[in-house]
Each structure stands twice: as C-alpha cells, then as structure tokens.
Amino acid sequence: MASISLFPYSILKQTSPLARGTAYNRIYSTKTTGITVDVAESHVRRSANYEPSSWSFDHIQSLSSKYTGDDCVARANTLKESVKTMIRKEGNLLRTLELVDELQRLGISYLFEGEISNLLETIYYNHYKFPEKWNKFDLNLKALGFRLLRQHGYHVPQEIFLNFKDKNQNLNSYLLEDVVGMLNLYEASYHSFEDESILTEARDIATKYLKASLEKIDGSILSLVSHALDNRLHWRVPRVESKWFIEVYEKRVGASPTLIELAKLDFDMVQAIHLEDLKHASRWWRNTSWDTKLTFARDMLVENFLWTVGFSYLPNFSHGRRTITKVAAMITTLDDVYDVFGTLGELEQFTDVINRWDIKAIEQLPDYMKICFFGLYNSINDITYETLATKGFLILPYIKKAWADLCKSYLVEAQWYHRGHIPTLNEYLDNACVSISGPVALMHVHFLTSVSSTKEIHHCIERTQNIVRYVSLIFRLTDDLGTSLGEMERGDTLKSIQLYMHETGATEPEARSYIKSLIDKTWKKLNKERAIVSSESSREFIDYATNLARMAHFMYGEGDEDFRLDVIKSHVSSLLFTPIQGI
C-alpha cells in the first residue's frame, strides 16, 4: 500500500530493540523485512522497522523566526509598490512575459494576482487570440506566451508552433542558436493535451537540442537547461522551485535587486507562518498519543507537513496546511495498520467499524485499533465542526465516505497479500487510485477552498472527479517508480511495474518506461481538464490538486533510497527551518 508521506526508504536496519511506550512495543528483527511476533498478542505480525522521527516535539516547539512583525511587513509593502510600478511601466511584450514568469518562479506572483491577471488578459486578446497576430513572433515569444497563457486557462492552439521546422522536417536553421527559445518550447510542450502531435514532436526535438547544447553553454542558462531536463517546470513543486530559482536569479546579469529583495523577504516571512502551522500540527499530534500508543506506525509529522506546503505555501492557506497535516498523519497511521500490523481478521472488523462510523462498534476491536479509531473519529468530527462553525455547512457525509472508501481499498490490498492473489494491472490501478489516498486528501481540500455553499461544493466535487482520478493515478504511478523495490522488500503486494512485467513478459527497464509513458499520458489528460474548468472555486481546487501530483514527483523521485531520504531531510531544513537571509 501507499499513501501521502509513505517513505519506505526510511526503514532502519536496527541492531538493538527500541521501544517507545508500552502498549505495542516495536520489535526489530536482524533483517529489514523480518517477521516478528508481538508478545502482547498471540498473532504473528509483520514489522517494517521504521526509524523514529528526526524532529522531536520539543525541537519543533522551540522553533521561531525573526521575519515577523511590523518592520518586515512595512518593507515588504514598499517593495511591492516598486514591483507594481515595474509592471505598469513595462511596455515590451517579451519583457512583460518574462517579468510574469520571473514573479511566478520567484514565488511572489500571488502578491500581484490582479495585475498579472489583467496583463495576461490584455496580452491574450491583443497578441495571441488570432494567428495573424502571433504568426510574426519568433519562437521564444511564441513559446513563453503559449506556456503562460495555457497555464492561466487561455486557449492558444498548438498550431502556433507549425513553422519551427523546414520543408525537410529539420529544425529551421535560424533556431540553431536560440537556446532560450528552445528551452521555452520544451517547457511549453508539457502543457499539451492528448493528440496534440505538434507539441509531442516539438518536445522531442527540443529535448534532443537541449541535451546536445549542454556542453556549449554556461552560466545561468546552463543552470536553467540542466534543471529543466531533470524535471520540467510544469511538474515542479512551486515552493521548491522558488527556493531554487531565487538563488539562480540572484546570480543572473541584469537581475532586479527589487525582485531579489522582495522574493527573499517574502520567502522568510511565509516560512515564519509555516513554522506556526507546523507547531500547531505538532501539538495536535502529541495530543492523539498515537506516537506512543501505536509504536508500530511511522511518526512522519514533519514530512506530512511538507506535503501540505506542496499543496499550497501561500499565507492564506494556513488553516488548510494545519488540517491536511492532520489528514496526512492519520492516513500514514492507517496505512501502517493495514500494511504492516493488523491481521486480516482485525482489518476486516476495523473496515466495518469505519464504514459504520459508530463509536459503539469499537468494543469488538483490539485495543490498538480502538485507539486508532477514537483518534480518527475525534479528529474528523473536530474538522467537521470547524467547517460548520466557520462556513455553515455540514461536510461529515462527504468526509466519512472518503475515509470509508480509503479503508476498503486498503482492505482489498491486504486481502490480495494474505490470499496470494495477483491482480491484473487494470484491477490494481482501479483500486490503487483510491488506496494512494489522493481522493480522501482532496475531499478535505474541497472544503478548504473559498466555496460558500453546499450546492457549490457538490457541483465542484462532481465537476472535478476526473481531476481527482488523474492526480491520484499520477500519484500512484510515481510512487511505484520510486518505492516499489522498498515495499516489495518489506513484503507488500505487487506494484504496477511488477504487474506489467508479469502480464507482458517485459523486462524491468521496459516496464518502467511503460509506466513513465502512462504518467505522461495522464498529465496530458489532466492538462485538458484544467483547461476546460470555468468556475473560480473549481480552478482553486484544481491548482491544489495539481500540486499534489507535483509533490508526488518530488517525494518519490527515482534514485538510491538512502540518497532520497537525505534529500527530503535537506529540503525540510531549507524549506521549513532555514531562512534565505539567515537566522
């Protein structure tokens, strides 16, 4: 199984036992995937030997930031006014688009939403709506405009790139030295829909060109090209990208000192808000006592919180980060109940209790499951009450169903494992799109947007079902690419890679290539759904949902497992604990 915050590569190879609490002590075997017997129970249980949290409660509560208070706010406001003046005075089309791109990548475009919205609307109708306008543009202007406008919901057809090849189907000679234009073409191609063959071909040509250019370029353009080839911009997590881009942009010749100062100050001020959100979630986590009572499960609260920063780093999503951290932590614990500790009989009972959502039914459960259900029940009811008190509508029916569906999907995978059933790839993916936890997390996100009525919520949920499906599929497949080996070593069910190999006789590299092609195809479907959304509330939700897919790429990147664990810890430190301007 897998879910938000699943880090199988964090499994420790312990040399001595480690017990936290007395209810269900962790018993470590000499091997990572060993079978252990819980002495408090007569059942044979698996152990994943998860390592303790790297960040203690006291450490988290001790964190603080100096980037708060009136002085910071006043300086930020002064800088914002200067940037607004820059936006108003910029008359060159290419430079205007570059400025919008810089503001986005620096992570400060949210401060100028109105100005950027007005700019792009004017640019679209004056320059990109009709072919006779954009036919005269060079490749760079076409590609940058295409990417930004599609990103913001404007329809620009793929035919804008028809003439980048000559009559022999080769790259036009005048483009051979246009590295920036080819880089923007490459990034633009990832906003394509299914069956947009021009963009597919453009991506292939641009990728080949950029790889060949790596030995011929240097400086900031080399950094941008290398970064893009590692992971395309459209698939990157905004907060992670802004941290990287601030450092790159600062070294660029001609970079704006005003933009640099504002980006750094805003990053640190927003980070201070994130610290308070994390401290709030940490207090909730300690109050559940799950870290001491359910010691077979992972204590991944900080990593869970990092996921929520991926959903949205913006200051106005503070309540959302606090709520989704709770959701992610509960998902992680439930995942370990089903994946590692529970017997099949217990899991069937527990799933029934979750489905009934009846506190009286817990008498039939073992003690550890009573603790788990009580914690889930109380936390979900608290979240429901907060929404009722602040927004005036009852979300419990939606939330209960989402959690019940998650547990049912977990049970299906547990039954497959215990009964030795090998599902088809399609059977696996249908269930895995739920068990990956995307639907339950995104159901909570629905109620954290600016929706103002039950009717609006219901419409948004119906309208975005495909979005949830596509995001969850990307989530699942990237998880499989990044963690299948670790989970298989732990004794988990077969994943998409192994199932494709089993069904087709493919080698592992061939299977991985196929899964990557499925991810790319699903992104194209997601792009199409993003483009046809009309309501503002749905668009807000879709932005959050798309960021979940981006976080999956970030968290489950391929590579050595120990290396990835170190990378995640490094990002936790740089994104959450270390101000750009210094402590």
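Easy rule for this one: first residue shown is 1, then count along the chain.
Here the Cβ of each residue, glycine as well, is placed from N, Cα and C on the backbone.
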* Swiss-Prot has Asp335, Asp339, Arg476, Asp479 binding (2E)-geranyl diphosphate. Which one of Arg286, Arg298, Arg530 is in the same site? -> Arg298
* Asked: Quick one: Cα separation, Asp335 ((2E)-geranyl diphosphate binding site) versus Thr483 (Mg(2+) 3 binding site), in Å?
  -> 15
* Structure fact -> Mean pLDDT across the motif 'DDXXD motif' (335-339) comes out at 95
* Structure fact -> Whole-number Å distance separating the Cα atoms of Thr483 (Mg(2+) 3 binding site) and Asp339 ((2E)-geranyl diphosphate binding site) is 14
* Could you check the binding-site residues Asp335, Asp339 and say which one's CB has the most other CB atoms within 10 Å? => Asp339
* Asked: Listed (2E)-geranyl diphosphate-binding residues Arg298, Asp335, Asp339, Arg476, Asp479 - what's their greatest C-alpha to C-alpha distance in Å?
  -> 20
